Amino acid sequence: MGSSDEAGSSKHHRRDKEKDRERSSSRHHRDRDRERSSSRHHHREDRDDDRDRDRDRERRHREKERDREERKAREREEREKEKERERARRREERDREERSRRREAAAEEEEEDVDRDRKRRRRSSHHHHHHRDAEPEGPASGAREEEVVDVEEAERRRQKKKEEEQKQLDEEMETRRRRIKEWQEMKRREEETKRREQEEAGVGTSAAAAAAPAEAEDGGNAGKKWTLDGEESDEEGNQEDGKKSDDNGGSGAGAMDVDVPNGGDNANGANAMDEDEIDPLDAFMNSMVLPEVAKLESMPAANVDDKNDKSAKDAVTNGDKKGPKKVMGRIIQGEDSDSDYADDEDDEGGSEDEDDEEFMKRVKKTKAEKLAIVDHSKIDYQPFRKNFYIEVKDITKMAAEEVAAYRKQLELKVHGKDVPKPIKTWVQSGLTSKLLDTIKKLGFEKPMSIQAQALPIIMSGRDCIGIAKTGSGKTLAFVLPMLRHVKDQPAVVPGDGPIGLIMAPTRELVVQIHSDIKKFSKALGINCVAIYGGSGVAQQISELKRGAEIVVCTPGRMIDILCTSSGKITNLRRVTFLVMDEADRMFDMGFEPQITRIVQNTRPDRQTVLFSATFPRQVEILARKVLTKPVEIQVGGRSVVNKDITQLVEVRPENERFFRLLELLGEWFDKGKILVFVHSQDKCDSLLKDLFQHGYPCLSLHGGKDQTDRESTLADFKSNVCSLLIATSVAARGLDVKELELVVNYDVPNHYEDYVHRVGRTGRAGRKGFAVTFISEEEERYAPDLVKALELSEQAVPEDLKGLADRFMAKVKQGTEQAHGTGYGGSGFKFNEEEDEARKSAKKAQAREYGYEEDKSDSDSDEEGGVRKAGGDLAAQAIAAAQAAAAMVAAKAASNANQQTQGTSVGPLLPLAIASNTQNNEATARALQAAFNIQQNLARIQAHAVPEHYEAELEINDFPQNARWKITHKETLGPIQEWTGAAITTRGTFFPQGKIVGANERKLYLFIEGPTELSVKKAKAELKRVLEDCANHALNLPGSAQTGKYSVI
């Protein structure tokens, strides 16, 4: 029993202990929670205190900023007030000087009048005594008294006139002061209102930002034309007062009616202006009052009568021309200015003599002509190293038979003297170790055929022409030697031009070559820049200024860069390695002038390399002009399709091609990328739309798209974002797209070389490819090229294609058809003497065809739209027709009467010539009567003719679109018509380049007609200036290159 009690008590004891522990632990937890909550409360209070302190600090900072801004505003106001006081003081001084000058001028005029009266009295007295010596003295004394009275009367008139002029000047100055005070008060109120609004907003920084534009605006307005409310009405009052004073014999205030020039173009008041702004009263004094004082000082003393007054005004007007010449484009002067035309006569002397043909040549100067030719004899070029190739022993030991067999194995053909032997491995090329490591990393195991032969030739410093099939590694064949060549020369510093220059015909090819070079140049520390149109020129210019060893470019944009800033951006003096990729297109007639001009600006001892997959003979003749003893390399045949490409040509009409394309897409869409070629931009977009409707996502690429769209399209196509691309021939050259399995020529290529490059987009770098070409019976003229391509690449020729080509060649032999061109010798004007002569000859032939007889004495400027009298040509034709009719009547009458005529001219002397014949037969009488009738009709026409006016024409059809839009817009034509008084209308029809103008049609031109010859000349000169500005803007600002036909909205 006792043990059970003990056990129970111990159990209770343990339970109590556990309860105590639980209470203590719960108390401990409560204390800890209480401490944690109190600490959180303290932290919260600390954060609130910090936030309050930050707010106080920000508030104090804002108050300091506000005080600082107010202090700055007060200081600015003090400076403004000080400036106003200084201006008022200067104005008072100028007013005093002006009054003193006027008084001196009036006193001098008075003295001269007195001297003139004294001389007149002396002459009259001398004349009186000479003829009437015997007259009594009484009348002579009376005459002297009358003369004294006249002198006193003249002096009173002069004094009255002087007082009126002084009063008018004082009133004018008072009016100006009142307006200036009103303007200053208005400006001060505006500034206070703005400052009050900014203070209410409580943003100090914005107040500082708003004060600066307001101050700049006030300064800008001060330099502009100053007009206040009521200015025009007061000016009209001044004009009436000036007219009244002119009627009274003075010319003091008559010039006040001229409006204030823009910006104060006079030099008299330039020293009195502050550097930051132009005071309106200063501008008025400099442009109005001081010139009037100069006029009064330069005027002759006696200008009492109207005739002398008029001549003096003319002298003053002519004297104003001696200032600095004004150029076209200034603010159009007011209608009341009599010297509007006279101010620019000297400026336009040259432009009037310049005919429209010379103007077109000057304005439409090509890019190649804008790049000046360098005289290499005056430049001291530094020598450089060309030959880096050392033949290894394994290659040296090869016998001639072994070399020939190896070349045959590589399908190589070489032409030239001492051609190096082809290499077998990369190590034998003579490249640096860094280049060899990069080649190994990129996975190039051994050189391809063109590389095996081109590398030793180019590394030896020889010029070469490389002709290899598409996808054969031509880019690497010239990039690797160029990198070795550049690395051997001194480093490029900012301001130097590139050492290596690569030119390509398309922008996409430039981007691709640039990306290939970047793979190697980064390891060597060489900078490479891509220069091409359609993209921002600012970044390209900045990269060139930093220095670039290699430049990859299109010729047009490169010439733009070379011409910009007079050649200060970059130059070609250091170019020692020149490459032209796709050289056959580079030397086509469209590119040849630009290429030639760039080549002429590089040093003569450079190394030049040309590569292409096709190279016709006629283009090779042009290309060899820039080469020195070149070596020609051919891989396979010349202009031959790669044998790894399976070619299929199908004769299909236009309406069956789309369904056949869908069938091909269903078969090849999942195998790889597909490229479809069409012949035009419209066809490209329409086919894109049709494929989208049939569920095929695709991309389009053509020259009408923006450059950014073209780059993103190619990037998406190469990166498998989309595997179907529809393109024009802009994608036919040089583009390397991995896994491109099928090429479809939806429209047949228009020449053989284009076909080779199109199908060469597949089957690259040893891969197999497939190409399908559609041709219809209407396109039979292109069938022989397709047969040639298939035969040269050892492909089977379909029977229907062979029959199509045979039928066309039979028609050619019969003369009913003409074989199409080679696709070379493109368009593009050269603007040289030959084209000028051809144009003139064609124009003369057309004139003869329509029965017009040109005047031998007329110059081209008269023919090409010079100013002429309206109706002058019609009157001349009427007179010529009348004379011809009279001659025919006289000749017929004379032949009927069996009379001999000795002259063919029957002009105004025709009646006298006919009347001199003594035989009064009936035929002679009829001829005489006909001549008289014609002359009477001409006299009647001239009597009822319209008033004489002048007209001219200015052709604008061939100018860029922005220039045509600007020159035909009313915002441009309106001020010119108002200024010159000539009417300008747009006539004719716009004809794109290459479109033939019809017989009864005219190209787009401006027709100018006016009441005077001078007005028409001035209007035409101003129109030419606007066109020239637009043309220069298009050529000299390559960043604004013309966009294509399409744009993405």
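Placement of Cβ uses the backbone N, Cα and C atoms for every residue, glycine included.
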Exercise for the section: Among 570-595, 934-959, 1012-1037, indicate the range for which Swiss-Prot gives the feature coiled coil. Expected result: 1012-1037
Exercise for the section: Note down the number of other Cβ atoms within 10 Å of the Cβ of A468 (ATP binding site), including every protein chain shown. Expected result: 26
Exercise for the section: Using DSSP reduced to three states, classify K474 (ATP binding site) as helix, strand or coil. Expected result: helix
Problem - For the coiled coil (1012-1037), mean pLDDT (0 to 100) - result: 79
